[in-house]
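Participant: Quick one: the structure is below, and I'll ask about it shortly.
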Amino acid sequence: MLKGRNLLDPMDFSLEELEGVFKLADEIIESPEKFLHVCDGKILATLFYEPSTRTRFSFEAAMLRLGGQVIGFSEPNSSSVAKGESVADTIRTVGCYADIAAMRHPKEGAPAIAAMYSEIPVINAGDGSHQHPTQTLTDLLTIRSLKGDLSNLTIGCCGDLKFGRTVHSLVKALSRYKNNKFVFMSPEELKIPDYIRKEILEKNNIEYKEVSKMEDAMAELDILYMTRVQRERFFNEDDYVRLKDSYILDGEKMKYAKKDMMVLHPLPRVNEIAYEIDQDPRGCYFKQAKYGMYVRMALIAKLLGVR
């Protein structure tokens, strides 16, 4: 049972619990009309201390499609945070009004602090460059639905691997499934963090390699996970400008890829995926966005104990 639990890290749920979420998402996709009222009378609080379009809209759409309601803020200046209120006090107050909360915060660990003081389930909707577990659930459901399995895959991660919280969460999650291998493609300044390399991959004897050119790895990939270079993570604008166009996926590079490779992206994109790829059936990132709403519907229903 996931009722009353928090989701702060993709490792919080066992593989069996994750599969339960995915199976419920499958049911929702198959028969959404059966779930129109399962959250009647329930309220989701969206506490977004950082800008977001897709994640926030996805959570809100998920709750509304379950029959629930949504309260919250989309940037801290519109809340008591601007007056200096702590995360602990905010979540305790919000818990008086809502049944479940989704929090995005620029500081790593902020949702975990909120969960310590909260009497309602807290979902980490992204904390700094640390974790983004509901994006990971989205990614896993997309791969599972389109590939049929989450094992025996070669996954390429490309772009900003240092600050990209979606990559960190995805590598941790897919490392739990059998016989997965990773290929990391990034500029030297944006390489995968040591803690992922040492504590997740090497500690568990998971095969990985790092390459400097996308073309060197494309032919072996089952999944290509693209990310943007995030301007908001840079203190120096010159560094951002120098690195932002480091890796761009276009039709020429796709010629090296398998016919059934999947291209995923957590969105928003800037220019790291050429628009011509949108017409390629291997470009699955907009399907991925839709799966995100369904998996959040399933997660909310599970944490509230209504399914």
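Glycine too: its Cβ is placed from the backbone N, Cα and C atoms.
As annotated in Swiss-Prot:
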BINDING   R54, T55, R104, H132, Q135, L267, P268  carbamoyl phosphate binding site
BINDING   K83, R165, R228  L-aspartate binding site
Participant: Sorted by position, what residues of the same chain at least six away from R54 (carbamoyl phosphate binding site) have a C-beta under 8 A from it?
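Facilitator: Within the chain, R54 (carbamoyl phosphate binding site) has Cβ neighbours under 8 Å at L267, P268, A289, G292.
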Participant: If you count Cβ atoms within 10 Å of each one, which of the binding-site residues R228, P268 comes out on top?
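Facilitator: Compared across R228, P268, the most Cβ atoms within 10 Å surround R228.
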Participant: Please state whether DSSP places R104 (carbamoyl phosphate binding site) in a helix, a strand or coil.
Facilitator: strand
Participant: If you take the centroid of the Cβ atoms of R54, T55, R104, H132, Q135, L267, P268, the listed carbamoyl phosphate site, which other residues of that chain have their Cβ within 8 Å of it?
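Facilitator: Close Cβ neighbours, site residues excluded: S52, T53, S58, A125, G126, T166, P266, G292.
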Participant: Which secondary structure state does DSSP assign to R228 (L-aspartate binding site), in the simple three-class scheme?
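Facilitator: SS state of R228 (L-aspartate binding site) = coil.
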Participant: Non-local Cβ contacts of R104 (carbamoyl phosphate binding site) (under 8 Å, 6 or more apart, same chain)?
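Facilitator: Once residues fewer than 6 apart are set aside, R104 (carbamoyl phosphate binding site) is near L47, F48, Y49, E50, S52, T55, R56, A125, G126, D127.
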Participant: Where the record says R54, T55, R104, H132, Q135, L267, P268 bind carbamoyl phosphate, what is the longest distance in Å from one Cα to another among those residues?
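Facilitator: In whole numbers, the farthest two Cα atoms are 16 Å apart.
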Participant: So if I draw a 10 Å sphere around the Cβ of R165 (L-aspartate binding site), how many other Cβ atoms end up inside it?
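Facilitator: There are 24 such Cβ atoms around R165 (L-aspartate binding site).
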Participant: What whole-number Å value do you get for the CA-CA distance of H132 (carbamoyl phosphate binding site) and R228 (L-aspartate binding site)?
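Facilitator: R228 (L-aspartate binding site) has its Cα 15 Å from the Cα of H132 (carbamoyl phosphate binding site).
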